[in-house]
Amino acid sequence: MLAKIGLLASILVLNLVGQITPQFSENLPDPDPQSGQQPQNYQPSYNKDYSPRYNPLYTGQQSADPNQFDNTLVDGQSPNTYKGYYDGRAGGGGLGGNVVGPGNNLGGLGPQYDPFNRNSIGSAGVSYRDAYTDEDNFCPEHWVSFRQTCYRFIRSPKRNWAEAKKICKAHNADLINVDNVEKHSFILKNLILQNQRQNRFFISARQTGPLNWVNDDNTQLVQIEDSFSMDEQVPLENEDLHDNRFLVQNDLNNQNINNPNQFYNSLPGTVNQRNQNNLRGFIGPNQPYGDNRYVRDRVVYAFSKKRDRWMFMPAYEIELNLFICESKVLYSSDNVNIKLDDKRPYHYGLDINDMERIPRGPYFVKQPNDTTFDVNKNRLINDVTLSCLANGYPTPSYTWYREVYVDDRLEYQKIDPLAQDRYTISGGNLIIYEPKQALDQGAYHCVAENKFGRIRSESAHLNFGFIMEFNLKRSAETSEMNWGKSIFCDPPQHYPDVRYYWARDYFPNFVEEDQRVFVSRDGALYFSFIETVDRANYSCTVQTLVSDTGRNGPFFPLRVTPNSNYQALIFANTFPKVFPEAPVAGDEIRLECMAFGYPIPSYNWTRQGLPLQRNAYTINYGRVLIIQNATTNDNGEYSCTITNPRKTLMKSIYINIQMRPQFTIPLKDMIKDYNSDVTFICEAFAIPDANYTWYKNAERLDPANINRDRYIIQDNVLTIKFLEKDKDDAMYQCGAQNQLKTSFSSAQLRVLSMKPSFKKHPLESEVYAVYNGNTTIVCDPEAAPRPKFQWKKDGQVIGSGGHRRILPSGTLTISPTSRDDEGIYTCIASNQAGTDESHARVIVLQEIRFIETPPQRIVSKEHDLIFLHCEAAFDELLDIAYVWKHNGEVLKNNHDGTGRIIVDWNRLTVHNTSMRDAGDYECVVKSAVNEISSKTSVSIEGAPGAPGGVQVIQISKTKAIIEWVDGSHNGRAIRYYNILGRTNWNRTWVNVSTHVQAREVDRYTSRQQAEVVNLTPWSAYEFSVTAVNDLGIGTPSAPSPIYSTYEDKPYIAPRNVGGGGGKIGDLTITWDPLLPQEQHSHGIHYKVFWKLKGAIEWASDEIKKQDHMGVAVVNIPLNNYYTEYEVKVQAINSVGKGPESEIAVIHSAEDMPQVAPQKPIALAYNSTCFNVTWQPIDMSRENIRGKLIGHRLKYWKTTHQEEDSVYYLSRTTRNWALIVGLQPDTYYFVKVMAYNAAGEGPESERFEERTYRKAPQKPPSSVHVYGINPSTVRVVWRYVSPSQDEEPVEGYKVRIWESDQNMITANNTIVPIGQKLESYINNLTPGKSYNMRVLAYSNGGDGRMSSPTLHFQMGKTTRNGANTRHGHNINTALILSTLLLISTFLYTSQ
């Protein structure tokens, strides 16, 4: 029975292991912007539900009680001994105990402290309680702990299995033995959190027989179902298998690697004889090695893309992989103090207040960059600058070196500006004057130094850019029509890369890219297929990327020869292509795709097995895929699909992104004790993997020449033993190098010996504690080496016992705290250099407590108000603060920016509540010594929540059965549902069914079902469901997947059937084509019906041409011109015929009129116009043969030919028209024609007529206006004398209008010739302002108007009369005392 229970428990644990992905307990830090990886110094933490330690099914020997520590000795004592003394939170406030540290004199009271629950940890400076309770601190830096064992995930460098084991041994560890499920789960969680999918990790296990894998300690590798992937492996071309120690010459794919029962999956082929010895060196004494065959008998953790999870995979021992080390020996409390020492700031032990003047070694803030000097610009700019910048105190000085090879050995030549006047060093700038490629091209680096040491920069390369000239002539290119064509640029020699442009016929008439034409980054001009318009002269232009220097190539012709055939769709040349060819992380990657073939193809980019990333987008009609700021996560296979109506093809390209070394664990400054040890660790992510070198004061530490008793170098780890200030105080650097770059990380080592000092971190003068709580007083003096501690209370020495404990860090904990613990406490720190002490007074206060709390449960409605209130009693010496929380989040006044939430000390008001306001509200009262809280559960009733899981169970042409799961009822029962839908034709959500009563189909899941009718056939539907209760309509659900209704025949007839027009013999029928959503199937076309009005039989025709849909032209007898026809239209699709439209009556096409207008007469209207009349035309069908639209008048000067005639179109059926724009005193011939929609009829006989002579060309002069009374004025002017080419004057017009109106509103007062040259203008409005002009007129028309415009204002009538001496009443004001004549030229003289 017990065995069965254990088996079931194991199975449950395995299930948990298989589903660990979503169970992380904390947010991950942002990944590295280039590598895409998590920071390598990030160490994940686990909560109780995540760690196997707290798994209730855990069956190991450890206690599952989360309050129990592992029984590991800490300074000779079990951690359980210390557990009771770490209760409480670091810092001054919050749940937890009193921790008194630098800058914090207040503690607190709280519940039992959980050492592995990160949520209970405070953040006041260095938390010594954290240090001694966080299990990871019992392991060295960059190691993680699990079950009293330390683990290190080595992320650089990659090594084969034997060297990986050797490195682990150097760390006093070994390759990990995975012998139980808990450890396996722990490893998987770390691999997931560290985002290492692209890497593989060696463990110790190897295969000893079919399905038998054994760890190095002879324990069995943990056996988990489906944990091995035997069919995935590293391809042979992977750089890991191309290590220079061996040469594998046959392809791995020739063997059967998929058989898990095969004993030793062998690597076929031979090993080069010169490398056999090296290869044998990798194989242990018990490894099988015969017939020069190697075996895949090692195990790695690798991410399976097929199964999307981490699995075991077999591997070759000679592969270069990452690896995992484990060590029980390293798990020690000594690491706590070591880590605390390693966190000493760089100003540790220095009594300097000005942070900017703290002595410090140099460190680079700007590295020199690669520079290209454009030799084509040397006449304008003939110098080049390389720059570096370092900080430090004293300010660093700089030296520059040139890196040269002498006898195949790299040497650094110091640049001396005093000896070579071409060089200048200013600050960190190296300026080279008149640079010459033969002398100056190469790599440079700078060295920054001050009295604390020297550091070197990264290398920067100085290159020389140039572009040679194109060849002067180029032969013609020839291509066949309708076939693809590529024209290569043939650029001149150049450095660095150039951009390509193509000109057509002349420069700068650049070729415009379109769906058919493409200019690639390879420089070529591509045509999907050639057309005759491509026949032209072309020229290629190049421009360097480092300046505006460019070159224009010669023009050459492209000849196009006819060809009736079309090229089938193919990929052009070697497309798809990637630029740059060897992409590096951080580059912008450009993937190009180009195809030849007719018709024009479309392009689509996809990523194999994954969607395109967010930083990727397509341009240039989909031909080009751009990946911005590429990372190693962008590695993979990308496929281009080309499609035209005749063919579809797909081709892939693999991107393998390299990466320059980037430090994930940089060096950090170290302040170490005299005669102690220091370990520098650096780690860089790089592709290919990085190799490491170490430097001291810019000089390389050669492992062959160092003192091996003191210096230990193991790849990226440097250890120095028995530190001495004179020998070891220096600047140290780690160099990570691959074929792309060498990166450096630097740090200062300061060896220190000093007596304890409390100057920077004294104990607080007063420490407030809470009665019966936990109190922690941190004693943190500066000292080297770490001091011993002694505590006194009121002058009496106290020991570590009872309710007081002294931690190895010097921290004093008191738990529980009583009134007897009040007093003066003294911490005494001493080492061999001296002694110092600091004092603190402990005051014990009464804890705070609630006297009023909110109700435990509140029920409210949406848009209502919530009011909460709490009150606490507290000691008068304490200051308290009220904090309100909602679901754990602290609320602030106007928290959401809408003014709804009002936080007023111990009162909380929430206005206009919504469903998001439901949840737990907490009133927290905080003081310096403890905090308390009270929770209230608030329920909000409102409209229902959004349903979920909407899907279609069954669908037909117009109906669908939909199922969903109800969302939250939000306190009220659901009454009914509304079902919304949208289609591929219309993306707007509309109600497709309302007031739906659903049927429950599964009472366990509350799944509902309903039928929707009146859907549109042949449509892709998405559905959404909203629930309705007494309080309103709820939130719509997320859209369902897309479902398509079945096809059906059209349901409606075409609309707006009509027609008419066209040429004689045509019957044109028009209609509105059905909308896409009305077509109900593919293959839509139409059938038209027609017949003479009154006839019985219908004629018909089907119209299938897509380009003229909506119009049909059928042939009828020619003599049926302008005849009424009855027509109708019917829609047809691939399923069947729709209904016929209603009958519409239209006319057939018209014929041209057959009669000419009779007796045309033209009479002169004025000097520039004729009035032409004629006898009305008989409007019979036989004469007009359609509908008369108007008349066309033809006129020309009698002195000109009729071919020079001008036409005037009169769009009316009246029998007269005015022809304007003629010349004065000129004879014209005039003809008239009738016209309809078919054209014009025959011309009438011509008629000759002369226009009048000109209108008067002189305006009247001496125009004056006089007021007669408030409504009458008198106007006088002088006579106008006409010239011989003018018609005699017939009279005059006085034109007057209100000044605020336009002249078109003017009234004309006519004065015939022969009368007195004056006019009285009556009926004017008193007080109004008027404008006035006078003109002469004749048969030739109106003459020019007087100028300027006269402006005057009428006077107002007065009621008060004044008697004259003659006894008559007169108006005091007839018009203003004088008429105001404004010489405003409102209008030009006519």
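One is the number of the first residue shown, and numbering goes on along the chain from there.
From the backbone N, Cα and C atoms, a Cβ is placed for every residue, glycine too.
As annotated by Swiss-Prot, signal peptide applies to 1-18. According to Swiss-Prot, the region 'Disordered' annotation covers 25-67. Taken from Swiss-Prot, the feature N-linked glycosylation site covers Asn369, Asn537, Asn604, Asn629, Asn691, Asn774, Asn912, Asn986, Asn991, Asn1166, Asn1171, Asn1307. Residues annotated as domain 'Fibronectin type-III 1' in Swiss-Prot: 946-1048.
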Segment confidence, the domain 'Fibronectin type-III 1' (946-1048), expressed as mean pLDDT: 94
Inter-residue Cα distance where the pair is Asn774 (N-linked glycosylation site) and Asn604 (N-linked glycosylation site), in Å: 66
The domain 'Fibronectin type-III 1' (946-1048), counted residue by residue under DSSP: helix, strand, coil: 0 helix, 55 strand, 48 coil
For Asn991 (N-linked glycosylation site): intrachain residues, at least 6 apart, with Cβ closer than 8 Å: Asn978, Ile979, Leu980
Where Asn604 (N-linked glycosylation site) falls in three-state DSSP terms: strand
Between Asn369 (N-linked glycosylation site) and Asn1166 (N-linked glycosylation site): CA-CA distance (Å): 87
Candidate with the highest Cβ count within 10 Å, taken from the glycosylation sites Asn369, Asn537, Asn774, Asn1171, Asn1307: Asn774
Residue pair Asn1307 (N-linked glycosylation site), Asn986 (N-linked glycosylation site) - Cα distance, angstrom, rounded: 60
Chain-internal residues, separated by at least six, CB under 8 A from Asn912 (N-linked glycosylation site): His863, Leu865, Arg900
Sparsest-packed of the listed glycosylation sites (Asn629, Asn691, Asn1166) - C-beta count within 10 angstroms: Asn629
Rounded Cα separation (Å) that holds between Asn537 (N-linked glycosylation site) and Asn369 (N-linked glycosylation site): 42
Cβ contacts of Asn986 (N-linked glycosylation site) (under 8 Å, same chain, 6 or more positions away): Gln1077
Integer Å distance between the CA atoms belonging to Asn369 (N-linked glycosylation site) and Asn691 (N-linked glycosylation site): 22
Local backbone state of Asn1166 (N-linked glycosylation site), from DSSP in three classes: strand
Cα proximity to Asn369 (N-linked glycosylation site), best match among glycosylation sites Asn629, Asn774, Asn1171: Asn629
Cβ packing number for Asn604 (N-linked glycosylation site), 10 Å threshold: 15
